[in-house]
Amino acid sequence: MLKFKHVFFRSFVGSNGASQVVFAFLLIPCCLATDFRAAPFLPNISFLWGWNAPTEPCSKKFSVSIDLSLFSLIGNPQKDAIGQPITLFYVDRLGLYPHLNKHNQPEHGGLPQLGNLTAHLNKARTDINTYIPKDDPGLAIIDWEEWRPIWARNWKPKDIYRNKSIQWVQRQNPGLSAIDASNRAKQNFETAGKNFMKETLTLAKSIRPKNLWGYYLFPDCYNHHYTGPVYNGSCPYIEMRRNNELGWLWSESTALYPSIYLNTVLKDSIRGARFARNRVLEAIRVSGVRNAKSPLPIFVYARPVFTDVSSEYLTEMDLVNTIGETTSLGASGMILWGSFNLSQTVDTCRKLQGYMNTTLNPYIINVTLAAKMCSQVFCQEKGVCTRKDVNTESYLHLNPIHLTVELVENGQFTIKGEPTVEDLKLFADHFICSCFANMACEKKVNVETDTIYINVCASKNVCLRTVLNPRNATSPNSTREILHSSTSLVLFLLFLIVLENERFGMQTRL
């Protein structure tokens, strides 16, 4: 049994499960007219899970199976992988991206203002057709990290791009003052950088419009000052202003791909939650710049391991601080990225297999079911539950007093228990509905008297189906049925009829 924090308790383990807030009568307004989220990219998947790691060697080479059944989209980031639902374009896979190599030697001009945009776009067209041969729905992420389109953000070690830009201007115009040369270099650099990034997106969308195009790590929050004595995770104001200057990028993108990779400094720390939270919040803010009522979808990149120790997996607390934060804020989904370190040997594959079975997958099931349940009950499945107060530790978790995710002998997961009215009250007290774009999801639910129907699944074979009828409930376990989707609806209804008859003969539990 995993000991996850339930809803708004930062330290949940050890709780007696009793609700700290009791309502005699509860009407829940579940939508703010000005708060929207992007509609689901795939039908009926309000939060999309993507796997972007080269784990095929585990099964093909070492006969170690990795359970990826919870992931709707799976892609291998390696260069020889084509035709995938997740495509990651590194610097050498898309066009003629001007940059300096690891030896500081120029590639394709080196500086964006010295690159050949026409030749780049011609090559990019070929590359897109190669890596995405069919126009099927998918995620397409451009990973260009060598330089940043805003001049001021190219600090060490990227300041070489500023220095070389100034030197080039001075060679062309030896009579310019240092200030004038710097200003002209800045203008040349930012104009060319914008053209390369913007025109690449324009081309990509015209060739493969069914893919959601965007740049990895955009937007960034630059809130890495977490080693100081005080850290609230907030994005520096100057960086938010600079993100505002990238309106042209947000307008051209069809998705945002921020990152919340964790360093071991943030392990098991509230600072990790603050770090991830503010990065996701900045992406949410930026997503509505183009159209607040139809924001861009946000797919948050995360890693199952730490960036500085790639052999160490995130703890349960770290998953709460990353995945838990992302789901509770209303992002569109998450992409878990990994390198060959995960599948290099039989030992690393077995370690990954164990982590997936005991830690990661159970948590994904937990938050997926909780988020879907909240959306179904309160948002008519036309929106997602998001925190009323973004700076609280409120999470969309199943209550472990009533529900547990367990791994059974055949390697499958099952759900034991059922939710209660009190669990729904906690959701209602700490979450609102953020409606999908151009939808109305407002719904008033009286959880004290209304019959609540719950039918949600984390995957094809892991579902939670139950009916809560507070007026007739006699125990926390009444009207319960946890079914796999393969069970027929007829049997489910017959079970409820029999159970209903039995329930009226039970003595009321005080």
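For all residues, glycine too, the Cβ spot is worked out from N, Cα and C.
Keep in mind the model is a prediction, meaning the values are calculated, not measured.
Of the listed cysteines Cys31, Cys58, Cys221, TrEMBL assigns the disulfide bond with Cys349 to Cys58. Disulfide pairing as given by TrEMBL: among Cys433, Cys435, Cys457, Cys379 connects to Cys433. Of all the recorded positions in the record (Cys58, Asn366, Cys374, Cys379, Cys435), the one with the smallest CA separation from Cys235 (disulfide bond) is Cys435.
With the fewest other Cβ atoms inside 10 Å of its Cβ, the least crowded of the disulfide-bonded residues Cys221, Cys435, Cys441 in this structure is Cys441. Across the structure, Glu145 (active site, proton donor) and Cys221 (disulfide bond) are spaced 15 Å apart at their Cα atoms. Counting only the Cα atoms, the space from Cys435 (disulfide bond) to Cys349 (disulfide bond) is about 40 angstrom.
Annotation for Cys349 (disulfide bond): same-chain Cβ neighbours under 8 Å, separated by at least 6 residues, are Thr55, Pro57, Cys58, Phe62, Val64, Ile66, Leu342, Ser343. A coil conformation is recorded for Cys235 (disulfide bond) in the three-state DSSP classification, outside any helix or strand. The disulfide-bonded residues considered are Cys58, Cys235, Cys374, Cys379, Cys433; of these, Cys235 has the fewest other C-beta atoms within 10 angstroms of its C-beta.
Residue environment of Cys385 (disulfide bond) contains 29 other Cβ atoms, counted within 10 Å of its Cβ in all protein chains.
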